[in-house]
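Let me begin by presenting the structure, written as structure tokens, before commenting on it.
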Amino acid sequence: MSTPPLVDVVVVGAGLSGLTAARRATQLGLTTRVYEAADRVGGRVWSTTVAGVHVDLGGTFVGPGQDRIVALAAEVGVSLYDTYDTGANVVRWRSQVKRYRGTVPPLGAALLDVARIQATIERAARQVPCGRPQDAPGAAALDAQTLGGWLRQQHASRTARDLFDLVSRTTWGCDADHVSLLHVLHYIHLCGGLSSMLDTAGGAQESHFVQGSHEVAVRVAEQLGDAVRTDEPVTRIDWDDDGALVHTDRGSCRARRVVLAVAPTMRRKIRFNPELPAAHEQMAQRWPGGVLSKAYAVYETPFWREQGLSGQGLSDRGPVFITFDASPHQSREGVLLGFVGGPQGRAWDELPEAERRVRALASFADLYGPKALEPIGYIDQKWGADPWTGGGPCAAPSAGAVVPYYSHLATPVGPLHWAGTETADRWSGFMDGAVRAGERAAVEVLRSISTQADSTQADPTTEGAPA
Amino acid sequence: MTWRREHTELTTASRDAVWRRWTTASAWVEDDPSLAAAELPSDLRVGSRGTVKNHGTPRQTITFTRLVPGRAMEFVINLPLARLSFPHSMTETEHGLQVTHAVELRGLLAPLFGVLVGNGIARGLPEVVRLVVTNALAERAGSAPATAEQGDRAGS
Ligand SMILES: Cc1cc2nc3c(=O)[nH]c(=O)nc-3n(C[C@H](O)[C@H](O)[C@H](O)COP(=O)(O)OP(=O)(O)OC[C@H]3O[C@@H](n4cnc5c(N)ncnc54)[C@H](O)[C@@H]3O)c2cc1C
């Protein structure tokens, strides 16, 4: 039997994080191999064409402060354009449809309460140290409750609670009752506040990519060439302090270091030998991915613009609860993007394709009128059903799952290093976080290999990587 | 005086399947999480009486006032100085079948009962209509009916 090849670093997962780690490691002079379980690269970024129009099925928007994804995109020649943000937004709330401007919809007297809750959350978020939520004052108590539980404790109005459910669904893919308050506060702090997280102009939805976010992943993978192996899930990793032997169904590869750039819950699909410390398995169980789906309808023109509407809408009716104008750059077609998530999202995901389509279009029509029922193309993407990304948009740890496990997300175990957006120290959960985490992991690996080389030189009895 | 709230879903479910759910007692309990029990006569006709029991409340008599197979159904509950009715309708459109459930109060005390009981019922309408059409679809596909838990109660 031939000896498996040896590389400096094997990267598990060719999402934006893994690809960035491999790219940066290569730039740092390390040899790499990337294993990707799916038959394509990109993970939670993916795209397709509907009625001749490009649409992003996963991660789409970027905004100010997300400079690492923007820089990576620029390096591979993928450009940005502004999200359409002209005209009035529209909200359907308690059966009434209203137009409004800005991020916060006109919800009558309840608006004051929403502002109170928002200010309280912002203040509390600033108390949570970035990258160390477990060290926040009162961390255990914050972690012991969910965002929903806390809202009730604050006597938040029903409207404020419903509104934060929508925020929670878009951001974590679950209702406010299912996500740790500590995680929410930490996440918001990592984004620089609620406004930069939720706004279009000046916020995380400000722009999107002309060629699509998936194209960034595709171009990085092209540059990495043969090093990237798709359709090859990593099944087992044998490791010791000197390195690892990474197994797939097609063979194995020796590596001085491994970067695991998969979603936390996906770590469970890999067998480790010896086993990882127990907290790792528990963390993978208690940091599940959210459930968020996307529906796109392509129209001959962006007809809502003629009505003075921006295409940004909010609805308490569902199944689509938030919409954006995702029309292509400098093209005549109009595209409405709708997010479907939370408990309604799970039920919608189960429906046959034709029924999902009818219900999503009915949601668009609720906000933009009957023309929305007549698209020239339609597609939806159910991330909760994706076998390798573990759902989306990102992990949603439940109450009590942050304090005991956060430190295990990114701390290396022997030669095993961790990447993926959830491990990022800024914009965790976003494409930018994925890129940051990949860059961090590559540098970490280089340091670790250099340190080992130094000590090997100093100690002539030490041997190289494991067989 | 009339007080009315309604909810409409657009669906690919068939008229027949929706009609069966409207006229089968066991389906009422599956499609409306607030119902503990429902009894309907087997040969439904205008004037037929049945009973419904919501969780934690006494059994109530309902009377069917409209039955147009594949199109419309309505039943009423009489309250002191008000009439609580539940008009159901479906309309075929070029985009799919529109299924509407409404709650209506008529009479002197309609506005009062609207606040007391109507709003609560109206809040549950979206979930009920979605369960009706989802379970009507499942009937065609031959799978188990959806429950409120799998279903889609918005908010907490
Ligand atoms: C619907 C939706 C909307 C979003 N919207 C936005 C947005 O507008 N803006 C934004 O910034 N972000 C958005 N996001 C989030 C963003 O897409 C993610 O944060 C980012 O893409 C995560 O990248 P990643 O590399 O960390 O993880 P992933 O993309 O999940 O990559 C992990 C990769 O590992 C692979 N893998 C898993 N297990 C194995 C194994 N055993 N062996 C080999 N490979 C394996 C997976 O197939 C996957 O390709 C959205 C996500 C979704 C789902």
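Counting starts with 1 at the first residue shown.
Even glycines carry a Cβ here, placed using N, Cα and C.
What TrEMBL lists as domain 'Amine oxidase' is A:16-446.
Under the heading FAD binding site, TrEMBL lists A:S17, A:E36, A:A37, A:V234, A:E422. Residue density at A:V234 (FAD binding site): 25 other Cβ atoms are found within 10 A of its Cβ, drawing on all protein chains shown.
Annotation source TrEMBL lists substrate binding site at A:F339. A:F339 (substrate binding site) has a Cβ environment of 21 other Cβ atoms inside 10 Å.
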Ask   = Quick one: which of the binding-site residues (A:A37, A:V234, A:F339, A:E422) have their CB closer than 6 Å to ligand 1?
value = A:A37, A:V234
PLDDT averaged over the residues of the domain 'Amine oxidase' (A:16-446) = 96
Key: Maximal Cα-Cα distance (Å) across residues annotated as binding FAD, namely A:S17, A:E36, A:A37, A:V234, A:E422   = 20
Spatial neighbours of A:A37 (FAD binding site) that are distant in sequence (at least 6 apart) but have CB under 8 A = A:G13, A:D231, A:E232, A:P233, A:V234, A:P387, A:W388
Query = Cβ distance under 8 Å to A:E36 (FAD binding site), same chain, sequence separation 6 or more: which residues?
reply = A:G13, A:A14, A:G18, A:V228, A:R229, A:T230, A:D231, A:E232
Ask   = 10 Å Cβ neighbour count around A:S17 (FAD binding site)?
value = 34
Key: A:V234 (FAD binding site) - helix vs strand vs coil (DSSP)   = strand
Request  = Run through the Cβ atoms and count how many others sit within 10 Å of the one on A:E422 (FAD binding site).
outcome  = 25
